[in-house]
Structures are given as structure tokens and as C-alpha cells.
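The transmembrane segment annotation in TrEMBL covers A:6-25, A:92-112, A:124-140, A:146-167, A:179-201, A:263-286, A:292-314, A:321-340, A:352-371, A:392-425, A:431-451, A:477-500 (among others). TrEMBL lists A:142-426 with the feature domain 'NADH:quinone oxidoreductase/Mrp antiporter transmembrane'.
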Amino acid sequence: MFPWLTVLIAWPLVGAAVVGLSALVRRRTGPAGGGTGLARPLALVFSLVEVGLLVGAFLAFDTGAADEHQLGTTASWIPQIGTSYAVAVDGVGLLLVALSVVLVPLVLLAAWREQGHDEVRLRRFVALVLLLEAFMVAVFSARDVFLFYVLFEAMLIPAYFLIGGFGQGPGRRRAAVKFLMFSLGGGLIMLAAVIALYFLAVSNGVDPSRAFLVDELVAVDLGTTAERLMFVGFFIAFAIKAPMVPVHSWLPDVAGNATPGTSTLLICVLDKVGTFGMLTLCLPLFPEASRWAAPFVIALAVISVLYGAVMAIMQTDLLRLVGWTSVSHFGFIILGIFTFTPLGTAGSSFMMLNHGLATGALFLVAGFLVSRHPERSQKIAAYSGLRSTTPVLAGTFLVAGLATLSLPGLATFASEIMVLIGAFGGEPAGSAAWTLAAVPGVVLAAVYVLLTYQKIFTGAPAAGLETLPDLRVRERVVAAPLVAGLLVLGFVPSLALTYVNAPAEQSVAAVTAVDVPADAAAQMGSDK
Amino acid sequence: MEITNYVVLAAVLFAIGATTVLLRRNAIVVFMGVELMLNATNLAFVTFARLHGDLTGQVLAFFVMVVAAAEVVVGLAIIVTIFRTRRSASVDDVNLLKG
Amino acid sequence: MNDVIGLAPWLIGFPLIGAAVLLLGGRATDRWGHWLGVLASGAAAVVGFILLFRMIGTPAEERAVDHSLGTWLSAGGLDVDLGLRLDPLSMTFVVLVTFVGTLIHIYSVAYMDHDVDRRRFFAYLNLFVAAMLTLVLADSYLLLFVGWEGVGVASYLLIGFWDTGRPTARENAVAAKKAFVMNRVGDMGLIAAMAILFATVGSVGFADVLPAAGGLSEGTATAVGLCLLLAACGKSAQFPLQAWLGDAMAGPTPVSALIHAATMVTAGVYLMVRSGPILEAAPTAQLVVVVVGAVTLLFGAVVGTAKDDIKKALAASTMSQIGYMMLAAGLGPAGYAFAIFHLLTHGFFKAGLFLGAGAVMHAMGDQTDMRRFGGLSRFLPITWITMGLGWLAILGIPPFSGYWSKDGIIEAAFIPVDGQPWRAWVFGTVAVVGAAITAFYMTRLFFMTFGGRRPRWTENQHPHEGSPLMWWPLVFLGVGSAGLGLVLGIGGTFTTWLEPVVGHAEHHEPVLPVPVIIGATLVLVLLGAALAFRMYAVQLVPEEAPRGSFLTRAARRDLYQDAANETLVVLPAHGIARLVQVGDRDVVDRGWGVLPLAVSWFGAMFRKVQTGYVRSYAAGMAGGVLVIALVAWLVVRLGAGLGGAQ
Amino acid sequence: MTPAGLEISGGETVLFWVVAPLMVLAALGLLFVRRAVHAAMCLVFVMISMAILYIAQEAPFLGVVQVVVYTGAVMMLFLFVLMLVGVDASDSLTETIRGQRWIGLLVGLGLALVLGGVVGRAAFPPGAGLAGGDPAGVANPQALARVLFGDYVLAMEAVGVLLVTAAVGALVLTHRRRLTPKQNQRTVAEARVKALTEGVSLTPLPSPGVYATSNAMDTPALGPDGEQIPQSVSRVLRIRGQERPAPHAGVALVDADAPTGAAAPRRGEEDV
């Protein structure tokens, strides 16, 4: 069996190394290659080949058994502490791997002119992006808790430098530190839980050399209190990553200060680790604790939905606004996961993909817009009346915006409605009421998207912006796949649902198979 | 007379040496305090060697002396260097260890 | 029927392809794009008529056909097909949408002749037709919702069509956003209804839900019914979500005719009638529907009497007429057929009136103030006659089409429900009074525009009829306004046609004899019309609006609906949003900021210990030795003490 | 209770009670004398006394080493450094760090108490004495050598390395790096030629004492023009006012005490 995932992980690493070494090549051949060197084209070629490899992985994936983890490799890594290099994906993981792999070339292309003509900067930027790609693919396919944790933290390194070193905003260093501190804080709590998990597993008779493997840990009975504590440890880390109110503070700063490409990778892909972790680690490893915490989590998720939307409406900075919309959408995803219905969970899994496409498109198009402003202003108020001068840009922005507000015909609609309809019938106490409370989120989404569109693209053109160029060919090439993806998945959602249905049913079955002890049920009642 | 009188003497000398280190500001005198402390320990070593009938104590005292000699050489060299650049041998003039 | 069912997807397909070609083709399609739009809509109309005639040819009980194109969305127990439901109800809509839609397409070719963005306009129109047909043909609430949102976004795009490059560009964009957002408020209801239905019935398909409606508990049915009503209120501009319709007149007039008069705004009525079994299981919800309809009916009528802007007056009229339909839809099977019948006739005469208004505006250089019109009958004879037909139709003068449908609704309103005569009296009276006010404001509109000897035009206006492309559609719609009711109404043809869908209505006697109702209605209508004729045709119309009574001033401002929305919803919402914003900055963000602050504070504190003086450090070390010795001694002592105790 | 194997003779007792108080007094001198030299002398006294005690305690070899290494080498080094720094450099005894004096005294006292307490409370074994454990006839230095080069030979080697390292370290630390290029004949000549423009004479200045009547050193030379050249007299004499005018009739010594201006070259380059 061909180790598709290992190849998918290794190839961007090779790419990053080659891009780094390309400096030597140019020095030897002299300055014949122009001002910006080989780094960008090389990185683009590497990321495109990666997309080709992804197609191969899709072909090799057996959709009939989408709930089984496939395409994997398992090898002992550090035998002394029982960690393994174990990678494999089910349907959900494969879709998220696909999202990361597809977004990277688009981000590279979108950032083609972003870093100016400084060759060294450019090279570092694209190398970091490739490095991040490798980590992202790996984290979505890790089947060893320790490996997952290591990758979870390792991703922060390229992300930190991408925000702090290459951002556009004046507060980028502060934002990078904030991001790092929040993530490390969460990771620390998670590490404690990971270690505890290992020791409990070993004391429960699991072979110490395999005690980090998810597949082994699933069967372990951890005991109620320990399970709940570990659930909390994992959940806090994931909630910070997913940005969930009230641990979301880092996200708007990052969105407002990083480049749109970085934000795309960070918020559309990397943050999915949070919700992905909840779905593939929290639920199967701690089913009883998940049910115990569900009413509380659902409430926070719905608060996130409304909070993010309200904050988005109040923003004056375009990129921060897009960041806040993500807080709202992640709330929907978490709502779907923690109501334990096959429909809602499938909707959440699907939404993880769609949110990446829609918000990615919005970030990148917003980036194109900002790059046109003479002062690169991110203030919404700096723009006006651009529909007549840049109709294609306006149209693309509107489509991305409509995808953000989940318009039918676009993929986001299918997933959001699945989450809402599914979550309403959820098992945890208060599911129906909280779901109804989340529904106004769709109205608020309409407000923040259309208000922004109205301010930027309608009315009389702002002074100095009368002759902005419309989207260039390169930029259209970036936007087209995202818009096409949203449309195709919107009209034929079954293309993606094939991959998420079986895993969703399986994870729901795993959770609902466990009985909640009586005292926990009483506590759930009192939580309300 | 008790043999412990020697040990008490060593303790007193050690305390005086330590106090010297704490109170005097001239680096050379401070250094002398350190030497005094070393000598006090040596006295204790020798006394204990006699007490236990074991020569190892004397050997250790010997090593202390050698190390002390090396230490003095280096320490005084440092003092000289500092004096050469700062024209002062007061330990309070050097507060680069500030956090 | 089954031999032509394969054509049904093309009803949606043609306009969708048209829209896609026009949007993606860009400027390359500018030259012929509008004709492609007309062609797409026309092709859909042809398909619609083929299907209609085949349906008429099949026996009544075989007319409802479900046609599935395969699975659209299937996950976790929710299975939604790309399925079309063709039955007399949806076919009525199909014909209305495609026929009136095509006429308006043709009209728009001329109306938008000078607009540089005409291609884009036709793309949006086609998109609208496709979405509207999806809405009415869907065989499940979810697919209906797709069309529902689709028409919403098409409406958004068309209201805000002139959102740059005009003095009113920003207002147009704001109106578009307002329409979409208020529609979304209604959409929440549809989403909630689907969630409840899935949780209780396990499906959102009509074929599963509607037969099961009788088995729902009354509470569930009421909840679903009220949620659906909320959706219908948003889409059909019913109280209390009616505020957007007047502003929506910012769009080009053909848009107002097609979307905001004839088709989209009536989707709420369609939803109510389609969900009839659910409403019937929930009498409370039904009552609320009737109340909403009655309130809107009067509301729109009152607002219509005071508006000087011809389009806004017509918009208020639309609101009021849909109020009639909604009222009828809440009356149960007795009302459904008349609701749809009125919807159909209203679609024709109101589209005709709007297109006529468009022709007047076109002739008067985009002037919309009726106080600046007058005496136009001589200059625009075709428009005058066709609008006259529409005027008579909406007044409900026999034998024009409005009479047949509206009178049916008034009669149905007088039928007591559940043996409660008070309801019959209240709603019947409201319907009759509404008819009288309708007569007043429509007569006012008609004579302010066409009547009077002395024109009140501004300078340099030379009104003349537009091109044949503009007046032929008017003629068609005028003929429809005049004759449709007679053709379909006489002998209850239309009621019979819908019976397989809405069910047979047991005949109940109204609280008043039918001839009395008809007579009283006619007398009141004539009185209202006469009053208006006296005020606006015989007397001179001032060019500047007089201050008017309190009621007039309130009606001019839409009975303070925007002010009410502003104070009751927008301001509190904005306050909450400000609160959240300040809270996020000052509580959440700053709260997390406390952690690093605490760390650096501790650092600053312990930094002071590091004086940099060697002797201090030495003292610290020696002191530390002492402390350790002390602790060690204490531990030993304590240990000894404990050991001794044991 | 004198231990059985260890006899402390009366002589030793007397010796201890004579030497020990003196040692403590001398050690206290380290704390209280102002001049560093005096402190060093106190320390020398303590160390020599210490050597005596060593010898009394059956450690003659260490006693000798103590005298040789400490008083002979280490303390001499101290005195050299003191000379370098300035013999008369006295320490002001006012305390600059707030509270340090009291903390220091308290800690010192505490240390003495703790150590004393430990000694007081510890139970010592009966003294063994070194003579009893050793094979008869082997003197202390030889016994020590056996242990040193037997059990501890590796440590011995390591200590040797340490000493060498310390010596090299001291060299490195005290080495003064040359900051200016080395001057040779050519550079000196070039500098003089360059300075010609600033009014410096190319040739050596005339020596004092021409036409001397008494001590030639304090009489300025006369130039070709008959003027006195004050610079020819040593600067020290000029500053002290000990120069005398040249016995030249008619020419008064004008303003001999006044400095001759900043640009005036000085004789010789040796500035302190």
C-alpha cells in the first residue's frame, strides 16, 4: 500500500528545503534570474505537485469505508515513551488535508507581490508557508496523541513567524506574541492531559509501546473524574485554537495584522485543528465527559455565534471583520459537534471545509482590495463606490460574502442548515433552545456582509479611488477555484458528504453508546 | 583540653572571615576574608584528620591550599585588571550584576 | 403528463443558464445579452404552457406529479432530493411567473435601453425567474428555501441595481440591504420550522410532512405554523416585517412590477397555502395568520392613501392586497383557492399598473411625484387605457378580474370559523372597509396621473408613448386584468382546478347573505372612488402636498413604521452591540491582558532584589545558609518530637 | 574526658591557649583596621599561627606548606597587588549599602552561632590520633605522600593542571593589549617632520647649562639669537621654581615661571 499521507507530509518539507537552498543556486549562476529569484516559482511548483499527489490520495481512498482510517503509515518513533509515527485519515481528515493542500498554492499566488522585491524575505516567506503546509497535513492525519500534540505545537513556529515577520499591520509583533501565548497556554494544559492519558492507559493494561495510539486509547476506561479532567485539558486547547468565546481574543488581532494569505492559512485551516480535535479526539476518547460537558459547550458555542457576529458588525477594519465572522462560524461548527446528531456532526464536518473556502475567498479578495488602496488602508471607511470601477472584484467579494452568510446554492448553506436542523434535535439538555438562539446568527451574518459590501462598493466613488484596476489575471486565478468550489459543493454537496457521513455517524454512535452516570445527569440538570 | 577547641576556633575564624566578606568594601580585603575562611576550614580538616586518625583530612587540606593558591592568582589578576580600568578597588563600584 | 415531465427541469434550467452565461460572459455579451435573457424566460414560458396544457388534459386526481432528479443532500437521516412537485398550485405559479416574467423581460429591453448595465440587469432577472421557479416547484421545504433565498438575493441585487454613479446610489444600496436583512429575519422562521419538522417528522419533504401534519401535536403544529408565518411575513411584506417594501421601489420599475408586485412578494401566500395541512392542525396559528393579514390589509391601504410617489403608492397597495391573500390563507380550505386566485389576478393587474407607472415615469423623465403629473391621458393613451383596466380590476368592479377574486375573499371572511361569529364580523368588516379604502387610493392615483385639465409638469417635459416593446406587454397585461377573472372565475373553474391540492371546502354560509355582501362592498367601493374623484379630479390638486391631517401625515411616513423599528429594534440592538464591543475590549481582552501584566509585575518586584552589589548577594547566600540550617534544625527537632510522641 | 588514643599534652594546651586568642584578635583586625596593608599583616600573623597549630596537630608537612605557600607566596602576592593599587589606599569604613552593616554583622554572628551550635551538639568519637593508625616509623610527610600519590593521584594531576591554567589565566587577564601601533625609528622621524608645521623643532632641543656658572641643570640654554630657551630646563625644576636665569648681561629672564603654551613641546615623551 502506497504511503500517501507520508508522501503528502514529506513533499512540502522537501519543498521548503529546496526553496531554502535555492539561494545557493542563484549565487552560483549569477544574477540572471531577475530581482526576485527562484523561490516563488519553485514553491508554487511544489505546492501544485502536492495538489497532484492529493488527487492520487483521493483516488486511493476507499469512500465505501470513509469512517475507517486509511492511506496511513505506522512506525515506532520514540519506543522509550511509546510514541509512534502513526498517520491515517478518515473522510473528515482527508477533506481537511485537501483544504490545506488546495489553499496553499492559492495563498502563494495571492501573495505573489506582497513581499516586494526583497529576495531573502520572499524566500523565507514561501519556505515558511510550505513548512506550515507539511505540519497542517500531518496534524490532520496524526493518529498518535503525542504526535498530534507535537505537531499541534510545532505549527505555531511557522505561524508565529508568518504573522510577526511578514504581517502588514503595525501591531503584527504584538499580535504574533498574543497568538503564541494563547496557543502555548492551551497547549500546556493539553500536554498535562496527554501525559496523564498515557499513564492511565498504561495502568489499564495497554502495551506501553502503543499507549499513545488513538485506536488503543479509545477502548480504555479512564474513570469518570480522570476522564472529565482530561477532557477539559484537551477542550481548552481546542477552544483556544478554534477561537471560541471567551478565549478568542487573539484572533481579531491576528486577522487585522497578518497578511491575508497568512490569515487564510491560519484561520481557515490551522484553526480547524481545534474543531477537528474536538471531533476526532475529545469525542471518541472521552465520550462520557463529552456528554457531561455538552450543555455548557453548546451554550458557549451559541454565544460565540452571536458574539462574533455582533462584533463583526461593529468593526471598522475589513480584515478584523473577516476574523470575527470566523468566531461566529466556529460557533456553528462546535454547536453541530456537541449536539451529537449524525446530521449535525456531518454538517459540522462539511462546514469545516466550506468555511475554509468561503472565508479564505473573503480574506484573499479583501487582501486584493487592500493592496489596491494607495495607502493600503484596511479601514472600511476608506473605500466607497468601487462596484463601477472594479466590477469583477466587487462580484467576487459579493459571492464570497454571500457564501459567508450561507446563501443557498453555495456550499456553506448546506452545511449551516445541516448543523441547525441537526442540532435542534440534539440529545444534550437545552439543544433545541440554544439552537433556536443561534438562528439569529443568520440575520446578523446578512447585516455584516451586506453592510460591508454597501460601504465599500456602493455610493459615490471615494476620492483617489476612481481609477483602481480591476482583478488581474493572477488574482482571478486565485479566486476562481474557491468560488467554483463553493458553487460545485453547493449544488452537489453529496461530493463532500460521501466523505463525512460515515465518520459522523461513527463518532455520534461512539458518544451515545456510553451511559452518563446518574450524578452526572443530575449535574447537567443543575448546570442549566 | 578538648580537641573540639580547635574546631570551635575554626568556626570562629570562619565566621570572622565571612563577616569580613560582607562588611569590607576593598576588594583585596574581601579577598583576604575569603582566604581566612579557607584557612579556617583547613584547620577543621586537620583537626578531624587527627580526631579520626585518617590522613585524608590532611590531603584535603593540602588540595584546598593548592586550589586557594590558584584562586588567589586569578582573583588578584582580576582585581588588578579592574583597578587598571576603573581606578578603584571597591566592590561597590562594580554593580554590573544588577538585574 | 409523464411524457412531458422530463421538460420540467428546463423551467429552471433555461433561465439559470441564461443568468450564468450573462454573468460569466461579461462585457462580451453586452450586445445581445438582453435578447438572451428574453429568450431564456420565453423558453421557460413555453415549457410552462406545454406542461400546463398537458396537466389540464389529465384527470384531476393524476395531476400532482413528483419528479426527482436524484439526491441533493443526504446525511444523518435527512434526505432531500432535487425533486420537483408539479401540481395545479405550482403550475399556476409557473404560468404566472414565466408569462408575466417574459412580458416584463420584453418591456425591460426598451425600458433599460440606455442603461450601460442592461446585460447585468437581465442576468439578475433570469436569476430571479430561476429562483422563483425553484421556490414554487420544490418538493421539500429545504429546496423551497433554496429558491426562497435565491429570490431574496435576486431582489437584493435588483433593488440595489443602481448602487453607484447616481445621486441616490447610497439610498438604493441601503434599501437593498434593508430588504434582504428583513427577509432574513423571516427566514429564521423557515429555518426553525424545518428544524422542528425534522425533529418531529424526520423529514422536510412535502410528501412526508403534509400528510403527517394531522398527527402533530397542536403545540408543535402551532410552533411550525407561526414560524412559517414569520417567514411569510418577511417575504410578503406583512406586518410587522413590511417596512422594506416601500424602500424596495428604489429598484428599476420592471423589477417592482415583477418581483415586488406580481411574484416574489406573494411567495409568502404560496408558503401558507402549501403548508395548509399544518395550519389546519393549529387553529391558533391560523388565527394569527388572519390577524396579520387583516392588519396589513388596513395598514397598506391607509398608507396608500397618502403617498404622492406613484411607485410607493402602488407598493402600499401591493402590501394591502397581499394582506387580503394572507387573510384568505388563514381561513382554511375555504380561503386557499381565493387566496391563490387573487394572487393570480393581482399578479396581472398589479404588474400592469406598475409597468404603466413605469411608462409614465419613462415619459416624464423619471419623475415619480404624482403631484407633478396630471392630464396625461391625452399623451399616453395606451398607458391610460391599460392602467384604467388595472384600476377597475383592483377596485373589484364586475366583471373585471379583481372582482372575482377579491369578492371571494370577502365572502370567505364573512364565514364563521368554529362557530365563532365574532371573527366573521370583524374580518369581514375589515375586508370590506379595506376594499373601500382601496377604491379611494387607487382612484386618487389614477386621476392624479391621468385626470385633470391642467398638467402640473415641470419644464421641458414632452410625454409620449414608448416603443412598442413597452406598450405591447401593457396591452397583454391589460387584457389579463380585464378578462382573466371572468374566464377563470365564472362557474368556479379555478377553485375546481386547485381542489386536488388545497382540498375541497365544505360550503358554509356567511353571516350575511351573499348578495348583501356583494352589494355593500360595491356601494362602499363606489363611494370611496367617488370621494377620490371629487378630491383629485374635480378639485385642483396642489403641486406641493398640503400639510394634511394627523392621519395623513402618519400615513405619509408609513404610519411611523421606520421610526418604530428604529426605536424598538435598531437602537436597542445597537446599544447591545456597543455594549458587547466595549465588553470585549475592556473585559475579555483586558482580562486576558491581566495575566502578562501580573507576570511582569512579579518580575519587576523581584528585579529589585538584584541590586548588582556583590556583597548583597553574599549576604543573601549567607542568610540562605542560616535559613536552611534553621529549617533543617526545626525539621530534625520536629521529627524527633513526633518520633518521641509515637 | 580525654580520649584514650589521643593524649593532648599540657604543652599543647598552653600553646593553644596562647595562640588561639591572638589568632582571633588578629582575625578581628581584618574587620576593623582601615588600611589594607595592616589587614594583610594581620592575616599573615593568623596564617603563621595556623602553621604552628598544624605542627602541633601532627601535621608537620602541612605546617611547612602553610608557611611556604600562604605566608610565602599568597600573602606576598597580596602585598604586591597592594603596592600596585597603592599602599596607602585606605578604606572608608562608612557603609554605602543600606542595612548591609547590620545584616552582615547579624549574619556573621548567626553563622558563628550555628557553627558553634553544631560543634557543641555533635557527638565526637573518641579521638584516634594519627600515630596509632600508621605503620611505625613512617613520618608524616611520607605517609601523606603515599595517600596523595596513591589514592588521590588523579586529583593531584588535576590540581596540577589547575595551577598551570591559573597561571596562564593570570597572564591573560593582566596582559595589556597594545592599542596603538608600535613606534619605531621611522614612525618617530615621520611624526617629527609632520610636527614641523606646528612649530616643533626638528632637531633635539638644546641642553641646559650652556654658560653655566653653577649647577648647569637649572640654567636655561641660550639660542643663537641670545634669547634664553626656558624649555631647555627640566619641567620639574621649572614647576618647582628652582631654575635660575642665565648669566647674560642685559637680557632679563622674562616670565620664566609662566607655562610656555599648550603647543610647546615638552622634553622627552615620558609622561606619567
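Yeah, the Cβs are placed from backbone N, Cα and C, and that goes for glycine too.
Bear in mind that TrEMBL entries carry predicted annotations, made automatically and left uncurated.
Looking at A:92-112, A:146-167, A:179-201, the range that has the most CB pairs within less than 8 A of the transmembrane segment (A:263-286) turns out to be A:92-112. For the transmembrane segment (A:92-112), same-chain residues at least 6 beyond its ends with a Cβ under 8 Å from one of its own Cβ atoms are 5, 8, 12, 40, 43-44, 47-48, 50-51, 53-54, 57-58, 61, 69, 71, 125-126, 129-130, 133, 136-137, 140-141, 259-262, 264-265, 268-269, 272, 276, 279-280, 349, 352-353, 356-357, 360, 364, 367-368, 474-475, 477-478, 481-482, 485, 496, 499-500, 503-504. With a threshold of 8 Å between CB atoms, the same-chain residues lying at least 6 positions outside the transmembrane segment (A:292-314) that come near it are 228, 231-232, 235, 239, 243-245, 248, 252, 321, 324-332, 334-335, 338-340, 423, 426-431, 434-435, 437-438, 440-441, 444-445, 447-448, 451, 516, 520, 523-524, 527-528. Simply put, out of A:124-140, A:146-167, A:321-340, A:392-425, A:392-425 has the most Cβ pairs sitting under 8 Å from the transmembrane segment (A:431-451). Beyond the ends of the transmembrane segment (A:392-425), by six or more residues, the same chain brings 298, 325, 329, 332-333, 335-336, 339, 341-348, 350-351, 353-355, 357-359, 361-362, 365-366, 368-369, 386, 431-432, 434-436, 438-439, 442, 445-446, 449-450, 452-453, 456-457, 470-471, 476, 479, 482-483, 485-491, 493, 496 to within a C-beta distance below 8 angstroms of the stretch. Listed by sequence, the residues of this chain that lie at least six past the ends of the transmembrane segment (A:146-167) yet keep a Cβ under 8 A from its Cβ atoms are 77, 81, 83-87, 114-115, 121, 124-125, 128-129, 131-132, 135-136, 138-139, 173, 175-177, 179-180, 183-184, 187, 190-191, 194, 198, 212, 237, 241, 254, 257-259, 262, 265-266, 270, 273, 277, 281.
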